[in-house]
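Database features (TrEMBL):
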TRANSMEM  A:6-27  transmembrane segment
TRANSMEM  A:34-54  transmembrane segment
TRANSMEM  A:60-83  transmembrane segment
TRANSMEM  A:95-112  transmembrane segment
TRANSMEM  A:132-154  transmembrane segment
TRANSMEM  A:187-209  transmembrane segment
TRANSMEM  A:215-234  transmembrane segment
Amino acid sequence: MDSLFTAAVAGLSAGGAYAILGVCAIFTYRLVAVVNFTGAAIGAAGTFAMVALFELGMPLLLAVLFGVAAGALAGLAIGLVMTTWFAGSNASTKAAVTAALLVGIIAVGLRLTGGQHPHYFPEIIPGSAFRLAGVEVTWAAVTTLVLSVAFTLLTEQFLARTRTGLQLRALSQRPMAAELIGIRVRLLALGVWAVTGGVTAFALMIIAPLRSPDFASLSLLVVPALAAALIGAFSSFRAALIGGVMIGLLEGSVSAIGPVSQYRGAVPFLVILAVLLWSQRGARWDEAR
Amino acid sequence: MTTFSIGALQVDRSGIPVIRGVDLEAKGGEISVLLGSNGAGKTTFLESLSGIIPVRSGFINLDGVELAKLRPGARAKTGLSHVEQGRTVFPAMTTEENLKVALHPDADLKEAYDLFPELLQRRNVEAGMLSGGEQQMVVIARSIVNRPRVILIDEMSSGLAPVIVSRLMRAVRQLADDGIAVVLVEQFAALALAIGNRAYVLRRGQIVYDGDCAALARDPAHLHRLYLGDAAA
């Protein structure tokens, strides 16, 4: 039982990062109407930029800042593609485009980062914060959790209380009507892509030392991100926050259960399946009648 | 005084010419009524003016500024406002948020509530929950607080009760009296001609009448012929 608890606590860092990624996924979906499969890949680009600069001898803090900026730029690049050629497309076309872009980014990312060539991922927030029932809770876990809660609350307040937030909400509801009243639709959309790119990059930097250190593995963290977003029904930031943390805890717990520990990576898929089945229960009931 | 001029405008949809060499002029303080049967090209014409769809050739000029190559947002910044058909409120935002999001730095929400006092008590209600008439008021009021010099209004009466339509028509007349140039596309020809100054009739993408609203209102048979063309004979 103790080992299960220890493993669950070990999943807190990942849970916090999943929560941030999930909130970013909802942010992108709600404001620019894109189910974004490239979210984690954008973050991976920023993370590897940080690693490359660190390996070249740049101080860690500076490398992190450049990495976040690289993530924002990568997000901006994807945003440019989406707003230039797919602004008028429907949601499924946009999702398909980001899925295709994900494949392309992974291919290019693996090539540029040397495939499976090992890189040293520095712990940007090292050390133990406190002990919880005898279990060490790291600063990385505390930081990702605090960051995920802060990002969720700030996002909600920003959308509710600022003029730019109001414009973003208008943009998300009726893009053309928003443009017809003079809202700078493209600029705001690009801002959303850049912000989510930068935030995702920072979240991945924190948990990268705990994951397989290759570009593809980090990029595929889009799966738990979308699972968290799905728990929030691509609408509720808070539900995605809780969902992301729960997925992290569940993953951590599963890793302590011997026979199934090697399948811990399947947890987000199971969560997605469970949420989809749950969301369809009304339709099944209607059909049965 | 504002002058909004359109000349030799040609617009295609899916490669097919829909607007074919249209000339129109709207002046500040006047309502230019654009009439025509279904499929004549009225909505396409307004959408090309506001930039929703591109023009093939011709000019769109607002007080000396050429708009034809600008994006919709840039046209809005120059003072062109488009009230689309279908009551395009932002449904998950309150009435007041719908107005605030379009508020020009020199404008005041009071102007919107003065035009439609009935919105005041509905200001904290989500726009998606308002009645059709109230939603149309929100869209027109949202346009006003954007400080336009020209307003294009497309089928604002669609699906509304006659008493609401009359209320909206009075408001539109008030906007023109305040100095705004209004281009009004309307299915209720008699009501539109009653408040308008200059009338245009569009048939198969071409202007077939350009004249006084009152003269056209006095001769419904002529209007009928203009709508239907050879088929009326």
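For all residues, glycine too, the Cβ spot is worked out from N, Cα and C.
A TrEMBL annotation is a machine prediction, not a hand-curated record.
The stretch in closest packing with the transmembrane segment (A:132-154), judged by the count of Cβ pairs under 8 Å and taken from A:6-27, A:60-83, A:95-112, A:187-209, A:215-234, is A:6-27.
Among residues of the same chain six or more beyond the transmembrane segment (A:60-83), those with a C-beta under 8 A of the stretch's C-beta atoms are 32, 34, 36, 38, 42-43, 45-47, 49-51, 53-54, 94, 97-98, 101, 122, 124, 186, 189-190, 192-202, 205. Most Cβ pairs under 8 Å to the transmembrane segment (A:6-27), among the stretches A:34-54, A:95-112, A:187-209, A:215-234, belong to A:215-234. Beyond its flanks by at least six residues, the transmembrane segment (A:215-234) meets 14, 17-19, 21-26, 29-30, 35, 37-41, 43-44, 47-48, 102, 105-106, 109-110, 112-113, 204, 208, 240-244, 246-248, 251, 267-269, 271-272, 275-276, 279 of its own chain at Cβ-Cβ distances under 8 Å. With a threshold of 8 Å between CB atoms, the same-chain residues lying at least 6 positions outside the transmembrane segment (A:187-209) that come near it are 13-14, 16-17, 20-21, 24, 27-28, 31-32, 36, 39-40, 42-47, 49-51, 64, 67-76, 78-80, 82-83, 87, 121-125, 140, 143-144, 147-148, 151, 164, 167-168, 171, 218, 221.
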